Amino acid sequence: MEPGQKIQTADIPATPSPNPQDIDEKNYEVIDVTFPEGGLQAWLTVMGGWMIVFCTFGAIQSFGVYQDYYTRISLSDQSPSHISWIGSVQIFFLFSGGIISGKLFDDGWFKGLLLSGSLIYLVSSFLLSLAQPHHYYQNFLAQGVGMGIGMGIIFLPTLSVTAHYFKRKRGLVMGIILSGSSVGAVVYPIMINHLFNGSSGFAWGVRAVSFLDLGLLVFANLIMKTRLPPRNKDPNAKPVNTRAILTDTPFWIALFGILLAFWGLFVPFFYIQTFAVTHNLPGFLQTYALSILNAAGFFGRTLPMFISDIYGPLNVIIPITLISGCLVFAFLGATNVGGMLAFAILYGFFSGGFVSLSAPTAASFSKDIGEVGTRLGLMTFVSSFGLLTGNPISGAILHPPEYIWIRPVVFSAVTVLGGVFFLLIARQIQAKRRNTQRL
């Protein structure tokens, strides 16, 4: 983009600009904003964001290892449903924290959020290493509540800050940052499985992970910076029209669709290792099935984002979510080596695509760049309730020790496919409103 070029702020992020005659002047503003689309500081900020997502979302997607370890060893007196509450509360705080951190980010508190969230996360992580076997509340408070709150403070600002540097490449850059979660979700399960089941044990295994997180988070805090002034310090900035956001019908229909999809999406992530163990699959699959699933998610978080920069995130997330919902049924057939490998690779790719596309999909409804943090915060807050309850529900209807796998599989598939239905409705309304099919 050339300096001084005017952009349509209805087009956020990375969706084709509508023709000027198609813009509703009452709702859409035209302002002068330039984006460097690169540069040293821009890519350093992307690198720092990648590291933060590696430590946060990557750690959450590795909870299946903790779920299996707690179920069989350190919390064997608790049901899988009770244990899954630890991971569900953690991911709930990661997403729900966005409703507060998104607003604070818009008000210019990026550095304060990054530092305080990192401290809370790291202190809680080291406290987890002190948790004693069969003391459920210790694991719940340190891992679920403490680490979750720390994640929630830093996760959304990490995604939102890319809007300061990129417009045309925003979807791809956000995908690059979110790919950190896939890499983390490959590294952590391998690392944790070997440490927990080796000479290190649980305590020093958790400490090793904590020291890794410490190094990455310190470096990220040093290199990440914002570029644009916060709204409350910009004399030309208009206040966010909260009423318009709260009455934006297609936006809320899309959020409900994203909520439904997230409700069932992570069931295979939480239970794939337990599934492999209970079906007596080879040892390497019991150890690496979750890592394989997450490795495939690396490509799912980048390739669909590149396509979304061309066709629009809403157009891409719908088929990605549809395929993910259908693939959940294939989980029942993953009872041999070939079936498990095929399921892990395919589901990892398409579910990873949904996770990455949910943020730019929500942000694409923005009418001004200053709304991005608020809309992302609402999306993560609404989705957090599905993430909080989905996995415990699946753990309860799994009914161990019988392990009736068809119940959580059907629950997961139906909720994900239900999300597709509402995303389609939102797309139709938005296409009519903007008079374009590229959304």
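Even glycines carry a Cβ here, placed using N, Cα and C.
Annotated features in TrEMBL:
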- 42-430: domain 'Major facilitator superfamily (MFS) profile' (DOMAIN)
- 1-23: region 'Disordered' (REGION)
- 42-63: transmembrane segment (TRANSMEM)
- 83-100: transmembrane segment (TRANSMEM)
- 112-131: transmembrane segment (TRANSMEM)
- 137-159: transmembrane segment (TRANSMEM)
- 171-192: transmembrane segment (TRANSMEM)
- 204-224: transmembrane segment (TRANSMEM)
- 251-272: transmembrane segment (TRANSMEM)
- 284-304: transmembrane segment (TRANSMEM)
- 316-334: transmembrane segment (TRANSMEM)
- 340-364: transmembrane segment (TRANSMEM)
- 376-398: transmembrane segment (TRANSMEM)
- 404-426: transmembrane segment (TRANSMEM)
Item to check | Same-chain residues near the transmembrane segment (137-159), Cβ under 8 Å, at least 6 residues beyond its ends | outcome: 48-49, 52-53, 56-57, 59-60, 66, 70, 74-75, 85-98, 100-102, 104-105, 110, 113-114, 116-125, 127-128, 130-131, 174, 177-178, 224, 359, 373, 376-377, 380
Checklist outcome for this item: For the transmembrane segment (251-272), the candidate among 83-100, 171-192, 284-304, 340-364, 404-426 having the most Cβ pairs under 8 Å is 404-426
Next on the checklist: Is it true that the transmembrane segment (171-192) and the transmembrane segment (340-364) have 3 or more CB pairs under 8 Å, sequence gap of 6 or more?
Outcome noted: yes
Checklist entry - the transmembrane segment (204-224) and the transmembrane segment (316-334): do they have three or more Cβ pairs under 8 Å, with pairs 6 or more apart in sequence? => result no
Next on the checklist: Please compute the mean pLDDT of the model over the domain 'Major facilitator superfamily (MFS) profile' (42-430).
Outcome noted: 88
Checklist entry - Going along the chain, which residues at least six beyond the ends of the transmembrane segment (376-398) come within the CB cut-off of under 8 Å? => result 79-85, 87-89, 91-103, 155-156, 159-160, 245, 255-256, 258-267, 270-271, 358-359, 362-363, 404-405, 407-408, 411-412, 415
Next on the checklist: Ranking 42-63, 83-100, 204-224 by the number of C-beta pairs under 8 Å to the transmembrane segment (112-131), which range is first?
Outcome noted: 204-224
Item to check | Spatial neighbours of the transmembrane segment (204-224) far in sequence, C-beta under 8 Å, 6+ residues away | outcome: 44-45, 47-49, 51-52, 54-55, 59, 110-111, 114-115, 118, 121-122, 125-126, 128-129, 158, 161, 188, 191-192, 195-196
